[in-house]
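Record features (TrEMBL):
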- 52-74: transmembrane segment (TRANSMEM)
- 125-261: domain 'Peptidase S54 rhomboid' (DOMAIN)
- 134-155: transmembrane segment (TRANSMEM)
- 162-181: transmembrane segment (TRANSMEM)
- 187-207: transmembrane segment (TRANSMEM)
- 219-238: transmembrane segment (TRANSMEM)
- 244-262: transmembrane segment (TRANSMEM)
- 292-314: transmembrane segment (TRANSMEM)
Amino acid sequence: MARDRREGLEIKVVNPPAATNNVSPETSPATATRRRRQQRASFAEFRPFKLWFPWLVPAIVVANIALFAISMFINNCPKNSAYCSARFLGRFAFQPMKENPLLGPSSLTLEKMGALDVSMVVHKHEVWRLFTCIWLHAGVFHVLANMLSLIFIGIRLEQEFGFVRIGLLYMISGFGGSLLSSLFNRAGISVGASGALFGLLGAMLSELLTNWTIYANKFAALLTLIFIIAINLAVGILPHVDNFAHLGGFTSGFLLGFVFLIRPQYGYFNQRNNPRSYAAPSAKSKHKPYQYVLWITSLLLLIAGYTVGLVVLLRGTDLNKHCSWCHYLSCIPTSLWSCKSQNDYCESSQIGQQMNLTCIANGKTEMYKLSNDIPSRVQQLCSQLCR
């Protein structure tokens, strides 16, 4: 997915003409030749953009894998097979299974560790879940696929733009994906770093557009990038995939790219690196006017969108009631699959030797006496309670 922008750079460095009026007639040919070689060498070593050492993206990968291992340990996997099958709304093409204890932690474990649960955010104002959910994953395949994608995309971006900008881009895009997801997906829980990953893809697209003049083969790079983004977004119409998190992360990253990944024009670097004796024909500004317009517009849209989204979310508004067709953005039903959730979701709490189970869909509550077989029958009891 990553686009190696260093190979597409078209560096426009103009060598200044020789200042013949400053050359002494007594200068020997050997001295003049040596000076010309030094001048050519100084321009050959000119690099307008610094390359950074990437350490943040590998650190994020290690942190995600470590948190997944911790969630499996808390879940007592693979011994406790009753709780090792997550029933959740994933952000990757991952369908929950009920019998594989090596698949991943349960929804109860993920919820305790910070998974996105809209009811917790709305009623208990646990807004921090919009951030913590991007660090959790529901299965081995889920975490490996996301981390491989992050390495493939993030390393190049961090090399070119540094850890500060890419770190902010990753976190804010993940928050945007969680915010849009919580406005439309009201049942179940959601985990995964896919929203942040789509933010990096969106930023790559906006970076190409805002720095359009400094790239060679720009149209080929644009078409390739659009094709990759379209394929990844198309996967989101499958069931059990939280495409609203993908769309929210991509939109956030696209706008953030105009803010964080703006490049100075090459003429600005040329005039700064010209010899003092060379008079530039006209002074170049650091950025082009359209870059400033995109920077301001994107920043205002981000602030407005996040503010409105948080207000609507904390008021408990379900946007599906105001947009009858929006659910098709996350899943399109076909003859091959259904978009209706096949899982029932319940909240459980333990009071002494009794377990209180509440169906989220209909609000029914039932008390059960704890016994050795209760943990393995939680999903069955929940299904019966929700019928």
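Every residue, even glycine, has its Cβ placed from backbone N, Cα and C.
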Other parts of the chain folded back onto the transmembrane segment (52-74), taken as Cβ under 8 Å at six or more residues beyond its ends: 84, 104-105, 109-110, 112-113, 135-137, 140, 143, 146-147, 150-151, 154-155, 157-163, 166-167, 170, 193
Beyond the flanks of the transmembrane segment (292-314) by at least 6 residues, Cβ under 8 Å: 118, 121-122, 125, 127, 172, 175-176, 179-180, 182-183, 206, 209-210, 251-252, 255-259, 262
Highest-contact recorded stretch vs the transmembrane segment (244-262), from 134-155, 162-181, 219-238, CB pairs under 8 Å: 162-181
Tally of residues which DSSP labels helix, strand or coil - the domain 'Peptidase S54 rhomboid' (125-261): 107 helix, 5 strand, 25 coil
Chain residues outside the transmembrane segment (187-207) and at least six past its termini with a C-beta under 8 angstroms from it: 1-3, 64, 87-92, 107, 110-111, 115-117, 133-138, 142, 146-147, 149-150, 153-154, 157, 166, 169-174, 176-178, 181, 222, 225-226, 228-229, 232-233, 242, 245-258, 260-261, 263, 294, 298, 341, 343, 345, 360-361
Whole-number mean of pLDDT values that fall within the domain 'Peptidase S54 rhomboid' (125-261): 92
